[in-house]
Amino acid sequence: MVKQKRKGLERTAKESKKQKITPAEETPRASEARPGKEAASPVVQEASPELSPEERRVLERKLKKERKKEEKKRLREAGIATAQTAKVQTPPAKPSAAVLALEYLQGWAEKQESWRFQKTRQTWLLLHMYDEDKVPEQHFSTLLDYLEGLRGSARELTVQKAETLMQELDGTDPKARSLGKMQRLRQVLQLLS
């Protein structure tokens, strides 16, 4: 008998829920009503004495979702991008690795207190120090001073690479050699050997 009462209560609760939620035709559309929470509040307030707090919350969410869809549709039709897509399209420009490495070198030369060792910047400088386009002549003399203080495996690897590059350039056609690169290689080898 207890089970029968529960079933009876469940049926009446379900039936009352169906009656409480008004059909979509009767509810005012978000585009017709005023924008914001006020558009949905009359429907929710009408049903609020009959709805439980959870049911009311679910209904509010549904109405909010509908309003959001309508607004997106309106904006799409008007050709205006949403604020979220606008933020994604304009990331801030980052300085290039070359600029950062040369600033690092200048900071070292000026003995700024904010200067600190950065492995990635040093690696970039060591890889590109023979390229006159990436490390201009005005910075190369500073780079030589920086290389003087180079220690450990970085110093050994730099010497090995310089010797290897020198041998490769000696084996190539004299007309194809870059005089600037040869001169830089000699200076680095003289300094570190």
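Glycine residues also receive a Cβ, built from the backbone N, Cα and C atoms like all the rest.
Owing to the predicted nature of the structure, the values given are computational and were not obtained by experimental measurement.
Per Swiss-Prot, these features apply:
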- 7-18: compositional bias 'Basic and acidic residues' (COMPBIAS)
- 26-37: compositional bias 'Basic and acidic residues' (COMPBIAS)
- 53-77: compositional bias 'Basic and acidic residues' (COMPBIAS)
- SER41: phosphoserine (MOD_RES)
- SER48: phosphoserine (MOD_RES)
- SER52: phosphoserine (MOD_RES)
- SER96: phosphoserine (MOD_RES)
- 1-77: region 'Disordered' (REGION)
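Broken down by DSSP into helix, strand and coil, the compositional bias 'Basic and acidic residues' (53-77) contains 25 helix, 0 strand, 0 coil. Across the structure, SER52 (phosphoserine) and SER96 (phosphoserine) are spaced 59 Å apart at their Cα atoms.
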